[in-house]
Amino acid sequence: MADIKNRLTTTAGAPVGDNQNSITIGPRGPLLLQDYQLIEKLAHQNRERIPERVVHAKGWGAFGTLTVTSTEVTQYTNAKLFNEVGKKTDLLLRFSTVAGEQGAADAERDVRGFSFKFYTEDGNWDLVGNNTPIFFVRDPYKFPDFIRTQKRHPRTNLRSPTAMWDFWSLSPESVHQVTILFSDRGLPVGPQYMNGYGSHTFSFWNDAGERYWCKFHFKTQQGHKHYTNEEAAEVIGKSRESYQEELYGAIHEGRFPKWTMYVQVMTQEQAKHTSYNPFDLTKVWPHSEFPLIEVGEIELNKNPENYFAQVEQAAFSPSNVVKGIGFSPDKMLQGRIFSYADAHRYRLGAHYEALPVNQPKAPVAHYHKDGLLRFFADNGNPDAYYEPNSFDGPAQDPSYNEPPMEVEGIAKRWEQPVGDDDFVQPRALWTMFSDEQKGRLYHNLAAAMHGIPDFIIERQLGHFAKVDPAYAQGVRDALATLDKSEEDRETHKDVDRMAMTEPHKNTEAEAPKFEGAK
Ligand code: NDP
């Protein structure tokens, strides 16, 4: 007889007598519908998956701490997690690729997500960034279309280099991020070997009610390590889970990955005079103008005990800020404030923040009621179920009010002026690369573009030329080398090109009719 603590039960808690043999009429069957535990078992299996994230589906995560090493930043922010040297705040950090589905290989060239949940004493602060300080687009209108180009073509069900380069070449603001993606840092060896960035411009505010603009940086203490395309192909041939192996293995063996956390700070007055829009997600703030201020050290030291419960169900949203940290006019940030929380409502349900991994360590007291999976109780005060009330229910605390945010201008759809603005910073980056780094950049770009229609290649080379004519020439030469090599023909790209460029068959006369269509 099994020990009571180790006894198998139904989900309703009744001990199970037999978990091997179904109830049948005679030893040969058939089954009886009343074998409810069998039905329960099969039904549960059918429900084991939840919708994967549309973006950043493949991820790796671990728990750890932020330890404050300098309080210089406290002149700008009263956020409690920064207020004392030596102070520790628990955190969850999830890394991810952007485009690949949940089963995609880890060592693929792609931007990496770099998402924190800091469990602070004032509630959860989520900093949902990437391993790049910038992004491909600056307006959330373009985000769903951009992501569509990274996913499967509706007809071929293949990823489409033609669509990717068509979109990028029609969106010149992407050339900065494209340059990072196809440089060495676009394919790190593992999560430990890359920097993280909050990417957006956020704000700090202090007890005096002053607001400052800020950006967050996390520099790897393990050093940068990257794969070439060829090395990555070999790795993927052996293991599709190389990042999970790297991260889980390092923490398991006590080699705890660390990053140094920094911020850049800009005054509201300075923001009026920069040559670039400091709220544009395709731009960095040069370090020479806005130096990095040290904040603390991030250490990952605990692997999740259950991947699904603690990483797959982890819900990060830039909408989660705490006292002392605020938003900025950054359009992409504003868009994500809505869309991330909404993704979690859809994937996990209305009460996703009450799941253990998302639950703040600070006390929670709100009036959001009921709905699917309302599994938490009232705050011991069932009469206070609306607000304001006279029954001692949770009430607002004005000391947590943010100072006003200064904005100016008229509301309209502002088109970005065409000029050198999109090329200045990629030029600074390209200039920083050594000849060897430039060579690998050209090779990686050519490998990704080779085989797509020529008119798209020419349009994209036009953008590289605006960064620097030598950049465009380098990619052109690398493409010519590939053209000569029959071995580099890729069936996938042939199919993609045919699908994207053959005349559309869905004319009025030939369009397939779906059942019910008139
Ligand atoms: P700096 O020389 O002061 O800073 C260079 C920054 O670039 C450092 O953060 C460094 O990170 C990072 N970097 C170094 N090599 C590469 C690489 N191969 N790929 C991507 N990033 C790299 O220059 P600026 O601040 O004036 O910026 C120049 C350009 O550097 C920018 O246009 C931008 O493209 C890029 N960059 C700038 C960042 C910023 O916040 N200012 C952040 C990251 C990139 P590390 O110290 O870890 O080596």
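A Cβ is built for glycine as well, from the same backbone N, Cα and C atoms used for every other residue.
A TrEMBL annotation is a machine prediction, not a hand-curated record.
Here the structure is a predicted model, which means the values were calculated and not measured.
Cβ contacts within 10 Å of His56 (active site), excluding its own Cβ and spanning all protein chains shown: 24. The active site annotation in TrEMBL covers His56 (among others).
According to TrEMBL, the active site annotation covers Asn130 (among others). Sequence-distant contacts of Asn130 (active site), defined by Cβ-Cβ distance under 8 angstroms and a gap of at least six in the same chain, are Val111, Arg112, Gly113, Phe114, Gly196, Tyr197, Ser199. DSSP assigns Asn130 (active site) to a strand segment in the three-state reduction.
Residues or ranges marked as heme binding site by TrEMBL: Tyr340. Secondary structure at Tyr340 (heme binding site), as computed by DSSP, is helix. A simple way to gauge crowding: the CB of Tyr340 (heme binding site) has 20 other CB atoms within 10 angstroms, across all the protein chains here.
Long-range contacts of the compositional bias 'Polar residues' (7-22) within its own chain (CB-CB distance under 8 A, at least 6 residues past either end) are made by residues 31, 35, 37-38, 40. For 7-22, the entry in TrEMBL reads compositional bias 'Polar residues'.
Taken from TrEMBL, the feature domain 'Catalase core' applies to 9-395.
The DSSP breakdown of the compositional bias 'Polar residues' (7-22) into helical (H, G, I), extended (E, B) and coil residues amounts to 0 helix, 2 strand, 14 coil. Across all of the domain 'Catalase core' (9-395), the predicted model scores a mean pLDDT of 97. Between the CA atoms of His56 (active site) and Tyr340 (heme binding site) there is a gap of 11 Å, rounded to the nearest whole number.
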